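Notes to accompany the following structure.
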């Protein structure tokens, strides 16, 4: 029987939710390495990976090489693998990418987890050697996944929706900035044309045009028709035509479509952001297998 969350009755969590959600739990271990596996879950899968990396460790040990020590930082956001002294992050395994985690029952020092690589999308099995904390580290990763899973259920997917809204607004801002730059270039071109027209001298013997009348604010009354007809020409070329009114109805003062919060439609997200959101949701749906226990993204009261 699989439940949304279940664990063996003799296993209890040892950390407070605040420790994993607001901070992290550190552990020290030796890093045997990582190797690609064909499946995201399975005892046989990790057993073969452990055997392969143990053999590689013995070869390195016979050559005088030491197994590197690492620090693990476990939280609801994932498992970070750092160099203990410099704190340089070597690997950052996000929780929704971790699908299997177990400690070796035949070797109490060994624990392992399978994580999907963010760049290659291959499943990698990470193997560690911890003298006293192998089982505790495995349970801590399971607790972190459980807390992240419950946080997702409580939010009702609002976190994902919030990220989508932010992505949509960021795209809207980027589009407006692009439009603004294009409009600036158009204004600059019009100013250059106007400057060239103004500096051109009138033909010899021509009469000085009569100054138009002004209003009470000492300004020339605006008339689209008279303005267009009074625009001088140079070398027989006409100034750029004034856009018709029909093309301006759906544009604001700056040439952009007016923003309507009630008619903006569904956001069109950039492919990279959308794929990350879909991948995160799919990772939680797959769940985390912990010592034969499955955490899956189902309603809390469901039964499979």
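In case you wondered, yes, glycine gets a Cβ from its N, Cα and C as well.
Here residue 16 (phosphothreonine) comes close to no residue that lies at least six apart in sequence on the same chain with a C-beta under 8 angstroms from its C-beta. According to its DSSP assignment, residue 16 (phosphothreonine) is coil. What Swiss-Prot records for 16 is phosphothreonine.
Feature annotation from Swiss-Prot assigns domain 'PID' to 21-176; the stated evidence is sequence analysis.
Taken from Swiss-Prot, the feature coiled coil covers 158-202, and the record attributes it to sequence analysis.
As annotated by Swiss-Prot, phosphoserine applies to 223.
According to Swiss-Prot, the region 'Disordered' annotation covers 223-246.
For 225-237, the entry in Swiss-Prot reads compositional bias 'Polar residues'.
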